[in-house]
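Annotated features in TrEMBL:
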REGION    B:1-58  region 'Disordered'
COMPBIAS  B:12-21  compositional bias 'Basic and acidic residues'
COMPBIAS  B:22-33  compositional bias 'Polar residues'
COMPBIAS  B:36-57  compositional bias 'Low complexity'
DOMAIN    B:168-296  domain 'TFIID subunit TAF5 NTD2'
COMPBIAS  B:343-354  compositional bias 'Acidic residues'
REGION    B:343-391  region 'Disordered'
COMPBIAS  B:366-377  compositional bias 'Basic and acidic residues'
REPEAT    B:425-466  repeat 'WD'
REPEAT    B:498-533  repeat 'WD'
REPEAT    B:540-571  repeat 'WD'
REPEAT    B:582-623  repeat 'WD'
REPEAT    B:624-657  repeat 'WD'
REPEAT    B:666-698  repeat 'WD'
Amino acid sequence: MADREERRFAEVSRESVKLMAESAGVELGDDVAALLAEDVCYRLREATQSSSQFMRHAKRRKLTVEDFNRALRWSKVEAVCGYGAQDALPFCPAKEGELFFIEDRDINLVELALATNIPKGCAETMVRVNVSYLDGKGNLEPQGTVPTAVQSLSEDLLKYYQQITRAILGEDPHLMKVALLDLQSNSKIAALLPYFVYVISGVKSVSHDLEQLNRLLHMVKSLVQNPYLYLGSYVRSLVSSVMYCILEPLAASINPLNDHWTLRDYAALLLSHIFWTHGDLVSGLYHQILLSLQKVLSDPVRPLCSHYGAVVGLHALGWKAVERVLFPHLPAYWANLQAVLDDYSVSNAQVKADGHKVYGAILVAVERLLKMKALSLSQPAEGGSGGQPGSAVGGRVSSPGLSPPPEPLSEAALGIASHLQAGGAGCPWEEWTPVPLPAMYCELYSFFGDSLAVRFSTGPGFGSYPPCAPSQLADTRKEPCGPASNPDTARKMPQLTANLNISPRQDGSPRTDPPPPSLAATGPGRSLARSSSSSSSSVQRSRSSSSRPGQRSTGPSRDVFPKARFTSPQAGLPVFTFLIGGRQMGRRCQGRRPFQTAFAPTPPISSVPPRAYAHKLPVIGRVGKPVRRWACSHYSLHLPL
Amino acid sequence: MAAVQGGPVDAVEEKDIKTEPSNDGCGSNSTNDGRAASASPGSGAPAAGAKPAAAAPEDQQTLLAVLQFLKKNKLTESVDILRREAGLPEDSLDLKGADSSAAGSGGAAGGAAAGGAVAGGDLGAADASSLLSRVTASSSAVVQAPTKAAGEDQPDVNVVLSAYSQQGDPKLYPVYYNGLKRFIESVLDCHRAELSQVFYPLFVHMYLELVYNNYESEAKAFFEKFRGDQECYYEDDLRILSSLSKREHMRGNETLLDFRTSKFVLRISRDSYQLLKRHLQERQNNQIWNIIQEHLYIDIFDGMPRSKSQIDAMSGSLAGEAKREANKAKVYYGLLKEPEIELPLDDEDEEAENEEGKPKKKKPKKDSVGSKSKKQDPNAPQQTRIPLPELKDSDKLDKIMYMKEATKRIRLGPENLPSICFYSFLNAYQGLTAVDFTDDSSLIAGGFADSTVRVWSVTPKKLRKVKSAADLNLIDKESDDVLERIMDEKTASELKILYGHSGPVYGISFSPDRNYLLSSSEDGTVRLWSLQTFTCLVGYKGHNYPVWDTHFSPHGYYFVSGGHDRVARLWATDHYQPLRIFSGHLADVTCTRFHPNSNYVATGSSDRTIRLWDVLNGSCVRIFTGHKGPIHALAFSPNGKFLASGATDSRVLLWDIGHGLMIGELKGHTDSIYSLRFSRDGEILASGSMDNTVRLWNATKAFDDLETDDFTAATGHVHLQDNSQELLLGTYMSKSTPVINLHFTRRNLLLAAGSYNP
């Protein structure tokens, strides 16, 4: 019945009363002390109850010392002085005995009175109005601007701020380095964070100056890596600045001599870094980023450099992001890219070069996607804990290297995956269903043809490669024109050309029209191709999915790729290859032209191929060293397979 | 009439009920151990004895009967004591007691002893001996154990004694309580809910009697045993109760004083009441019966017993429900007729002209506001029922402005919700305790815990003081813009701070004409500030305790204040003493509000009731019970018919003033509600809470549903449907900012205010 805990309030023990009496020089008998203790308890409770009234009327939730004192005063009891401070009172045990006391330091009144540094930050009370809900429409999120208490910066901070910004944005590279280093390790700059964030948001005003953009991005990195800073909601602002650098058609990119590609790559890396280290600060950030990348990618009006940014951004966010956003968009996007790459007119040269960059970026992204997907498939099969170490590794990403360390990057993909699952509710990708790996491979293969396979090195010989093969392959990627890669490419070449030779008639003469008209012109053919392709792909998908379970259960993921390659040729080879051919031709044959011309045995310049390929590679290589290092890491992970 | 209570009880009991429990004579003479012990259980006892005296021969008779009984049991010492106390002559006993003519000096203090003896009687013959032995065992009196069984007593003595049996062994309290509990649990469902109401007051009174008579451990045990049975909404009171275990503590405790001095009101159907009565009489359970008689007021009605939810809706206040009579008085809730002010009709093209002073083309106003006020509302009070100040020219101008704004008012509804503007008080480290807006939303004032009142202008127009007297002499008083010239441009600022209080400012209210500001503070004063000079004009003293709230009459001149002293006071600005004192609340008056027609004042209290007071005669015309926590927000609907109240129980309750009934319950908030406001047309009710949200409720629907329902006004039983979710139109969050004030502008834009507390 009433077996609940009997009394929930504090009691003053008889011993306490006796002790207090002793300290006042009075000896108390036990019974007196007991009576007194009880009375004290009651009085305390009474005072507390009436003090709560003052709290309620002050519209507060927290009972203050002041409330209590008011209650005491109104019940004609002397108020308790000396406890009005905001700081918590340290409650210390005495060394001997079970005695506790509140530390009570002496205050030098003279010093206090003559103190000249009156604390700042006590800004004027003011009223600010904001329209919170227009016409009663509003969401359930807390609204309104964050009214940061208006702080006045101390002199020192202000000076620091000026010095730092001047150094970072100034001419002296050495000074900049020092400034960035300090920004990265200074523990006292929390108050300046909003200011720095504001400076960084200035990226929009210096979009013509790559150098400045670069410096600002470095500033972002330093802030992000500063372990003493709590970025809080400023993460959003930083991310949007970085996204600006990734996605916007910067004024600097008008001039082809400007290497804005590097900037985008760097910004993409930065984005991924911010996301993995601080993504938890803002809920839904991942989806927001993905959404905006997707938007750019699906917007044909955007310049290619924006698309490039979107692709490298997705790539940097991990293979899951690529799988979710880039892969489903690829068919649609491919057509546009194709049209660009198709165009041989002189006026289009620049655009075409850009197109190649995008092509390369996509290639790199999807390759990693395939690799990681294979890996992730194998991971759970071999050990359920596969995700755990990954997230753990992702968690400790804080090493202050200049570029995000490769390890976490590859691992964080798994981290993201878990993040996605956790926060998946309500996201626009709910209906998204993962495409089985073989189907994905087939589809991607249909776009990239053997260039995918080559670079991916999933050739028949894959299984027979010695354990060192991965590193060798990595070398292949790094130095594709090197001797190691040559036999590979050479071996693939015939296939490639053969494929191309099957259906050259479809693409006819190279189109000079700008992309949209060309789309229109190839309308019927394209639609046909598309329908067939879609049907084929669906057929393929269903087939592969139906055929998969048994295989998957029997074999580890090592034979995922071989399967993909073998099943399709075996089971659906005639149809499939034909369709692929058709699709290839319809969609990307023109895109492949450069390769073709480069690699075809007939052309007179036989020595060109490597060079042409090399010419192509910078696009891929552009993704920078980290990419290669990630690749390495994949391989190292892949080794046990 | 409803005081059927006690009706069937005979005259003797009637008299006993009228005890004055604060009389603690019994405790004071506890030097005599034997008597003290026997007298102890029950505060009613001494009173019973104290009262009888002169008129009651029965009492005398009883006394004699007791003496006889004692003597029979050879309790000679007790006999002596009793006789001495009662002042009875030695021989009176020899008269064999039955002699009614022995009416004599009547024992003034003898009740104590009588009570002790009575202890044995109430059990009836059967177990009297065992009980008595227990009583004597607990006392150190030199009394021999009764040698004879009670059965040998004369029957008449027993009857008399049982009639007196208020006192019982404290150890039996749990038994009594349990017995009643078992009985109530066994009755039919329809009666159980009603009878269960008895538990709480009984529990409290039993506990208090135990404490009062120094049965500390028994009291504790009793409390622990049965507190779990009490309704959760009494939790706050129970907490106070639980901290009290000493008689000395009772003296200073207001909550308990309330309990002892006021009767706990219960509404019970006649059937249930009869059931209870029969049970108690059958079991001779006079202990409980007496408490019921003494401390409870049972408001009996005819008809179906109420359901549990019906009861729960209305209970929860400190002193039970309101008596039905309390809400029977006629309330003139209608609006006063608007003064005839001529309003230029097509203000579009005549805007400029109007500014100059509404020239030629004038027509009687014809808009919605005007047409309503054309004919006298039958429910409205007489125009002159309360003398109201004459309208000044400036007031008329303001009325015109108001009407013009009203024509541009947005019609709100479920599909058309208001926009909300939030006024955040930043850097209010000192603690924002109250906020008010002027009716035209041009000024906002905040009361702070640091005793200051700050007034901001929220329009571009800055706040200026009037020039000093010397400077005023210099200006040309005949000039057209004299009103402009008297203002000191040098003092123009967005903010003015008013210093004067010496404690947190808990209440704040602008006068309707924007010339004055009222503030009430912990220092016990209400201050009137001039918004022309920004100085304090008057300090109204009277409350002597913290003044929690104050509110200006919508017609100006009058204002009301309420505070810790449990009364609300009506003041006029030009009187330094209150015109009326509204007394009746059993705890602090926490919020006050004027009815739109200025004839009534509503007050909310921490006794969890709302009272409506007639300004004319100061009487209480409505008592609304149903809240389970102190009330902190009140709002009258613009048409004056309804009242909304918000409390710390996070609920808003709606009341029909005319019928005196609860008509709605709005649940949704998760913390104390500190502000309520109806939209200008009364369609939307906005509530602001400590939970950092503003919620909008469909007031039209809440009130319309009711009108279609033929509610049982006669019985006063409410059937509340739980439709909060349907009525809730929106929830709007602020950024860590408790909403402590809400205001609809004249065009129905909702303004909210609070201080940002990161």
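Any Cβ shown, glycine's included, is placed from N, Cα and C.
Taking Cβ pairs closer than 8 Å, the repeat 'WD' (B:666-698) reaches residues 406, 409, 411-414, 417-418, 420, 629, 632-639, 644-648, 650-654, 722, 724-744, 746, 748, 750, 752, 754 in its own chain, all 6 or more past its ends.
Within the chain, the repeat 'WD' (B:540-571) has long-range Cβ neighbours (under 8 A, six or more residues past its boundaries) at 386, 388-389, 503, 506-513, 516, 518-528, 577-583, 585-594, 596-598, 601, 603, 605, 613, 615, 618. The residues of the repeat 'WD' (B:425-466), classed with DSSP into helix (H, G, I), strand (E, B) and coil, number 0 helix, 23 strand, 19 coil. Taking the domain 'TFIID subunit TAF5 NTD2' (B:168-296) as a whole, pLDDT averages 82 in the prediction. Secondary structure of the repeat 'WD' (B:666-698) per DSSP, as helix, strand and coil residue counts: 0 helix, 20 strand, 13 coil. Mapped onto DSSP helix, strand and coil, the repeat 'WD' (B:582-623) counts 0 helix, 24 strand, 18 coil. Secondary structure of the repeat 'WD' (B:498-533), assigned with DSSP and counted as helix (H, G, I), strand (E, B) and coil, comes to 0 helix, 19 strand, 17 coil.
Applying DSSP to the domain 'TFIID subunit TAF5 NTD2' (B:168-296) sorts its residues as follows: 101 helix, 7 strand, 21 coil.
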